[in-house]
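Everything below concerns the one structure shown next.
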């Protein structure tokens, strides 16, 4: 499972002493080849954490031999000393991994509180400990070590009948652009593909998966999604089948992240149909998904479709107000911009809530996943850094 | 006080039976002249309530003789029948007010739940009752009748030594673009000015007051701000002094709205300085003010400046990440994009919290007022329509 499901990878997850509670907090994933192809997608936030700046540089070379990930600290907004800390982490990993590894090919990812330096003594000795614990069965432990406010660890695997595998792990409680705790994802594959092909599959997959989950509208400084290719299966995959496998793993992990979102009690699937363009559909879906009032209403199991229309009205998408239709869990409560079926028919007792907004302006569509806004979210995020 | 502070106006506030709890829910404001000049600013939401569509049409004529306002129902997303209800309300007001009034010069404003028709029997008989209760001291009662989730009614007055007055009332728990309960504002003045001059003063005032308060980022379908001029003082004011008086009344009412925001325990003043343009400063201020994670942190009295930087990083404003400075309550906790003074020095016990973000990119600035995100907000908005 996880990042060691595909051949050619070893991983470890250990407690390095970065977290004050003594929990697992450092993961190492190593690509043993024969290939060391890699692709990466990073946060769009212009304030980027040191490990994001570092890893973006590493990815430019198109080769990644290992990834060091830590929870317990984001190493964001830490200036030049924070960047030096990331660099030292990669150097240490190269040193302990030995032959065939150099710091310039080692990616680093961090998650936790912004604005504090990492305890580097713990990090560096942890890298050594993790290297000693590397195993072809270590994927699960690595997935556990990157958790912050996650209540469960998240892994997914797709195995192709053609003989190759895509597996991965994720942590996060929000979107690709999530919340306090960032989304970190490492995917691995033993399919035999060069970096440009991995990059194409990864970008195409994230565009309709991680980029369409939106827990709280807050874009992290640390989001990182990496795809490493070992080529160890010796199989060159069919491009379409491989792209679909990467998409499926991303979709699965993304859904797990939404399901585990901080304080959430409902998963909300916002589908926008009848849009003039996919961009319109996505803009409208995101506006609905980010509406705090609607998210509170869903928490209260209240089919308050007026808040859906109000959210649609703030977008620049093509639509006429009197041609909007909204269904909640299959009941068309708003028809032609006004009252439709009886709202009392809507059953919202279950965790998944489906909202469909029909713009009556075309044939394009998009799905955004989000969650409800709860008092638990407020409690969890009021007390995080103190 | 309120809308009857200026000469030439009468008002009333009564319980018409629109609200199920029997509270005051209908207000009438009448301009007895000699002028009936008027200006209006309405929600930017493309899904507009029937009374907004109606009043925009009335304002095109540049003359308003009366305003009917109701709480207990927004009359939004009610289709053609809802628009006919608004029309009927204006017709009824013209009928009961008699000589010199016509429906086409009577504005209507509504606030409450979206997507339900108003109980028109109650509304129409209420208009008659309100007309019988009109008084030159009725401003206070009118302000009370437009409350929804407001815990206090909101009025403000500026008297010029030159002999004219600007007064007003407001209801709302959010921004000019607020929340479930909409912002409705009626300002009155006895200064002798024609509609274009009122319009200029009103637009200039709302741009830096109501448009810079942002409680929860949710734009209402019903927001309405009206300025009525009776000319009853007989004084033509100095343009700059009048503009400043209108701005001061809007600023005062806007602050009262933020202070009364749903569930809020903190008023947050976000000031952006050192911006390359005022638009940049406003974009950054709004991004900070809308960040749920930061709003939770302020609720928890946690000077979590990393969330400020994270919010700035999502904007398109001109800045360099390593030149950002952030102060919270006067303590510069972030300097040059990294750790500044000790965060333990920040005292956040008081209701007002001041966040200053310095972009180090120019000399422009803007102030946005918002509030914290609390479990009470979630509770209030989970249970609203049920």
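Glycine residues also receive a Cβ, built from the backbone N, Cα and C atoms like all the rest.
As the structure is a computational prediction, the values presented were derived from the model and not from experiment.
Here's what TrEMBL has on this protein:
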type	residues	note
BINDING	A:148, A:171, A:182, A:262, A:381, A:386	substrate binding site
ACT_SITE	A:182	active site, nucleophile
- prompt: How many other Cβ atoms are found within 10 Å of the Cβ atom of residue A:171 (substrate binding site), counting all protein chains shown?
  reply: 31
Field: Three-class DSSP secondary structure - residue A:381 (substrate binding site)
entry: helix
- request: Against chain B, with Cβ pairs under 8 Å, which of the binding-site residues A:148, A:171, A:262, A:381 show up? Give them in sequence order, please.
  value: A:381
- request: Would you pick out, from the binding-site residues A:148, A:381, the residue whose Cβ has the largest number of other Cβ atoms within 10 Å?
  value: A:381
- request: For residue A:262 (substrate binding site), just count the other CB atoms lying within 10 A of its CB, please.
  value: 27
Secondary structure at residue A:262 (substrate binding site), reduced by DSSP to three states: coil
- line: According to DSSP, residue A:171 (substrate binding site) sits in strand
Query: For residue A:148 (substrate binding site), what is the secondary structure by DSSP, using just helix, strand and coil?
result: coil
